[in-house]
Amino acid sequence: AGRAPGPSDGGWGWVVVFGAFLSIGFAYAFPKGLAIFFKEIQDFFGTSYSEVAWVSSIMLATTYGAGPISSILVNRYGSRPVVMFGGLLCGVGMISAAFCTSILQLYVCVGFITGFGLALNLQPSVIIIGKYFLKRRPIANGLAMAGSPVMLCTLAPLNQFLFENFGWRGSFLILGGILLNCCVAGALFRPIGARTALVKTPVTEEGKDALKGKITEDGPVESKAEEEGGKDCFEKINQYLDFSLFKHRGFLIYLIGNVLMFLGFFAPIVFLAPYAKHTGIDEYSAAFLLSILAVVDMVARPTTGIIANSRWVRPRIQYFFSFAIAFNGACHLLCPLASSYTGLVVYSSFFGLAFGMVCAMLFETLMDLVGAARFTSAVGLVTIAECCTILLGPPIGGILIDTFGDYKYMFIKCGAVMVLAGTFLFIMNYYNYRILAKEEKERKRKEEDPKPVRTEDEGKKTWNKDSTEDGPELEPLREEGEGVKKEKNG
């Protein structure tokens, strides 16, 4: 009683997917599309490769680092107002950047303000898809994630056109207006159903006392305020971010592998167009490489979603994710062999395929590990951990370019890191699956051969222990009465 209706797996959910398509597309593609202006901004302010790379790096790090704040706001207010406010911040940040007079001001306006606005677009869009879809969730995630290559395919030539006609300042003004469309995307995120307080049911006096003032988060304001007043700071934070996830074996494996992966994930895209210009390719052809990458990525994401949703792949989707990461790294290791424009076109095609495979499964694999109920907290905790390596990735690549005067060392570094991350995830997920199978086998053995004499308290303890084992899509069961608050976070 009082629960919101379950996932519809269709209907208005497809409109929500379209809104997420736009919102996620801007969040992922916009920092990469800005690479078109880097050469000109570098000449305008007289900076080095590593200094100008901090613009995209700070934006990406803020987008991921503000994940917990975004998750808390979504839990508090819902996805719709958060995305609309994020779109407003994006527009303000880019319009302000058009009047910057130093590279430090660009760090603040483009990096922090616009990056924070994109963070308020990314997390809510991913979270709300999990509320509208269950059976078709991999397909819905794949379609929503396809927004990134579509936007990148559009923004790369558009940015080049805007720069030639309006300069980088005028381009930033126009891009600020375009980003306001995120507000329109957020307006499509209709809540899936209003949550109501629990209906009156006959309970014992003990149950009434235990549940008094703690019925639901949507209960009376006085009771909620009184409850929050008695909590310390850590308990209030834990109400929105479930720190017990750090005891979840699968979550920790995913977190370590992704933190390592992002050290080499974005730098190749940021430096692809400058690398092409460095080899003597004209500006439009260099921008066209990003479009080729985006077109292949556009096809790869929904296709990967369909494959991941098949009955052969979905039970072991973590292996598929590990292969995609290692494949991505192998492409970067082979990039220095592409010395001509034709070679760079081939590299962009394979890079787009590998990049699309990783992005399509990035959040689906996390939800497969922790379940839908804990996914909001998991996204926030993962993004705050990933922001450090995202922040360092492009500047480290820029330092390698400045030091050696050659781009190949940057690509080799990124490739080696991603192959290592994919190998780590494959081995550790194999270990995790074996442990889970052993735990499941032990649980079934206990059920089939119970103890002949068992007290009521022992039975409750055993039932609680078995029902809260870590594993894919397992959510803790909660007891009513006095156990509500204790079991709230699993």
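For all residues, glycine too, the Cβ spot is worked out from N, Cα and C.
Look at TrEMBL and you will find 441-468, 475-490 tagged as compositional bias 'Basic and acidic residues'. Per TrEMBL, the feature domain 'Major facilitator superfamily (MFS) profile' maps to 13-433. Marked as region 'Disordered' by TrEMBL: 441-490. Marked as transmembrane segment by TrEMBL: 12-31, 52-73, 85-118, 139-158, 170-189, 251-272, 284-300, 320-339, 345-363, 375-397, 409-431.
With a cut-off of 8 Å between Cβ atoms, the residues of this chain six or more beyond the transmembrane segment (52-73) that come close are 27, 30-32, 34-35, 38, 41-42, 45, 82, 86, 103, 106-107, 110-112, 114-116, 118-120, 122-124, 127, 240-241, 262, 266, 270-271, 376-377, 379-384, 386-388, 390-395, 397-398. Counted over residue pairs separated by six or more positions, the transmembrane segment (320-339) shares at least 3 Cβ pairs under 8 angstroms with the transmembrane segment (251-272), which defines the two as touching. Predicted-model confidence for the domain 'Major facilitator superfamily (MFS) profile' (13-433) is 79, expressed as mean pLDDT.
Packing against the transmembrane segment (284-300) from elsewhere in the chain are residues 29, 32-33, 35-36, 146, 148-153, 156-157, 159-160, 269, 272-274, 276-277, 341, 344-345, 348-349, 351-353, 355-357, 359-360: each is 6 or more residues past its ends and has a CB under 8 Å from a CB in it. Remote same-chain partners of the transmembrane segment (170-189), defined as residues 6 or more beyond its termini with a Cβ less than 8 Å from a stretch Cβ, comprise 15-16, 18-20, 22-23, 26, 30, 37, 78-84, 86-88, 90-95, 97-98, 110, 114, 117, 121, 124-125, 128, 159, 162-163. With respect to Cβ pairs under 8 Å, the transmembrane segment (251-272) is most closely packed against 345-363, considering the stretches 12-31, 85-118, 139-158, 345-363. Relative to the transmembrane segment (139-158), the listed stretch 12-31 leads the set 12-31, 85-118, 409-431 in CB pairs under 8 A.
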